[in-house]
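Peer 1: As listed in TrEMBL for this protein:
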- 293-365: domain 'Sphingomyelin synthase-like' (DOMAIN)
- 37-59: region 'Disordered' (REGION)
- 78-100: region 'Disordered' (REGION)
- 151-171: transmembrane segment (TRANSMEM)
- 197-219: transmembrane segment (TRANSMEM)
- 231-253: transmembrane segment (TRANSMEM)
- 296-313: transmembrane segment (TRANSMEM)
- 325-345: transmembrane segment (TRANSMEM)
- 351-367: transmembrane segment (TRANSMEM)
Amino acid sequence: MMVLDPKIAHNDYGSFQSPGVGASAHHRGVEIASVALPPGDAGLHGHEGDGEGEGDAEGARLAGDMTQSDLYQRQPLLPPSAKNDTWAGGTKSGGLHSPTREYYDDTSGDGLAIHRNGGLVSSTSNGMVQIDMPAPLREEPRFPKEKWKTFVAFLILVINFLITVTSLAMVHERVPDREKYGPLPDIFLDNVPAIDWALSVSEVLIVISVYAVLIVLVFHKHRFIVMRRVFVILALLYLMRSITMFVTVLPVASVTYYCSPKLNSTSTAVVVQRMWQLFQGFGLSINGKHTYCGDYIYSGHTVMLTMSYLIIAEYSPKRCFPVHWVSWIVSVSGVILVLVAHGHYTVDVIIAYYATTTLFWIYHTLANNPTLKQHGPNNFLARCWWFPLFQYFEQNVGGPVPRQYEWPLPWPRWCHGKHPNRNS
């Protein structure tokens with residue numbers, strides 16, 4: 001067996017030819033310094049007492065006959081043999097020191113050596129070397145559940161809904177008298193006669209849309225992230241609505257809608273009683289709880305219908321585009337039915353659509369771009385008044401939420417396959 005001088009161990013080895021055909025000993029700037037012949041190799045040299053000149057000549061001749069594969073097999077990557085290894089020091093021919101001290105940190109008793117870069121090198125009986133490289137590190141976006149943040153977002157939604165019904169309970173006493181003030185001029189209401197049952201149909205469509213949204217949220221893999229986004233956006237919309245309908249009170253748009261008589265009093269007991277009644281009915285008139293007027297700018301019906309479509313389109317599978325179209329048709333139909341029933345002015349619907357879509361798209365733009373989650377000289381979206389609230393809920397979300405779904409319950413077990421999550 002032949003070994004090279006250790007000073008070539010760190011060079012870039014290239015192929016070379018025999019000096020007999022005119023090839024140079026230099027290849028790509030690499031110089032082959034010397035070849036040491038280990039003792040005991042039959043057929044390579046005579047006996048131990050032969051002169052160094054004969055051994056050098058024989059080594060030079062063999063160096064010219066080496067091929068590139070022979071040279072690579074003599075890399076110091078090979079582990080030392082158990083016995084009589086020429087890499088071990090102390091041989092009569094002046095053997096070289098073992099390179100394992102330089103390339104390996106530790107060697108176990110079973111023939112495994114740990115490389116300094118973390119790889120695992122194992123040697124086999126036939127001289128083959130197997131290197132097990134560590135798995136590459138991959139930075140995956142993280143989507144922590146943070147259930148307590150979702151609960152906080154739900155509490156914020158409940159508080160803002162209570163603020164909205166409180167505003168309506170007080171606005172009811174400020175609604176202009178029907179006998180003195182009729183509905184305001186409106187391009188749609190003036191040309192479409194009122195149909196009372198249309199409002200009930202619109203609210204039925206709202207209930208259907210809300211149930212469809214709940215199905216999407218429950219079966220979404222990252223349901224807690226999506227839920228708190230929905231809670232926060234709805235909370236902001238309800239808060240802004242409580243302000244707009246309180247500062248400007250419009251006359252009743254419908255001449256047939258029933259409004260509870262005024263008490264000319266806004267005592268705490270009256271306000272609390274009205275709040276509880278409105279809270280029980282979730283702001284809908286089909287259950288007979290919504291008998292107070294004045295909540296016009298802007299339309300809560302339009303907010304719920306628009307939000308339902310946006311959530312379904314954003315978080316449901318893309319291959320379910322027929323569901324997206326059905327949701328869009330339901331939302332548009334519900335808004336039109338609200339206008340047909342004269343439940344809102346046209347401007348209420350326009351403002352509600354603009355406020356809902358703008359807030360939804362701005363929020364998700366910020367959430368899906370990590371660079372926009374921090375204040376910066378060019379990040380004007382960070383100047384929104386609700387940006388600190390957004391940072392609190394979205395700071396640990398590592399990117400756009402994927403459309404993945406799973407069975408939400410631990411049972412039955414057959415619903416949890418080997419790969420329960422399904423991407424769309």
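Glycine is treated like the rest: Cβ placed from N, Cα and C.
What's the neighbourhood like for each of these?
Peer 2: The average pLDDT computed over the domain 'Sphingomyelin synthase-like' (293-365) stands at 93.
Outside the transmembrane segment (197-219), and at least 6 residues removed from its termini, the chain residues within Cβ reach (under 8 Å) are 226-227, 230, 257, 284-286, 301, 304-305, 307-309, 311-312, 315-316, 323, 327, 330-331, 333-335, 337-338, 340-341, 343, 405-408.
Sequence-distant contacts of the transmembrane segment (231-253), counting only residues of its own chain at least 6 positions beyond either end whose CB sits under 8 Å from a CB of the stretch, comprise 150, 153-154, 156-157, 159-161, 163-164, 166-168, 170-171, 174-176, 178, 181-184, 186, 189, 259, 293-298, 300, 303, 307, 342-345, 351, 355-356, 359-360, 363, 386, 389-390, 393.
Sequence-remote contacts of a segment are chain residues at least 6 beyond its ends whose Cβ falls under 8 Å from one of its Cβ atoms, and for the transmembrane segment (325-345) they are 183-184, 186, 188-189, 192, 194-199, 201-202, 205-206, 208-209, 212, 250, 253-257, 296-297, 299, 301-302, 305-306, 308-309, 312-313, 353.
Non-local neighbours of the transmembrane segment (351-367) in the same chain are 229, 232-233, 236-237, 240, 244, 297-300, 302-303, 306-307, 310, 314, 335, 373, 381, 384, 387, 390, 394, 397, 400; each lies 6+ residues outside the stretch with a CB under 8 Å from one of its CB atoms.
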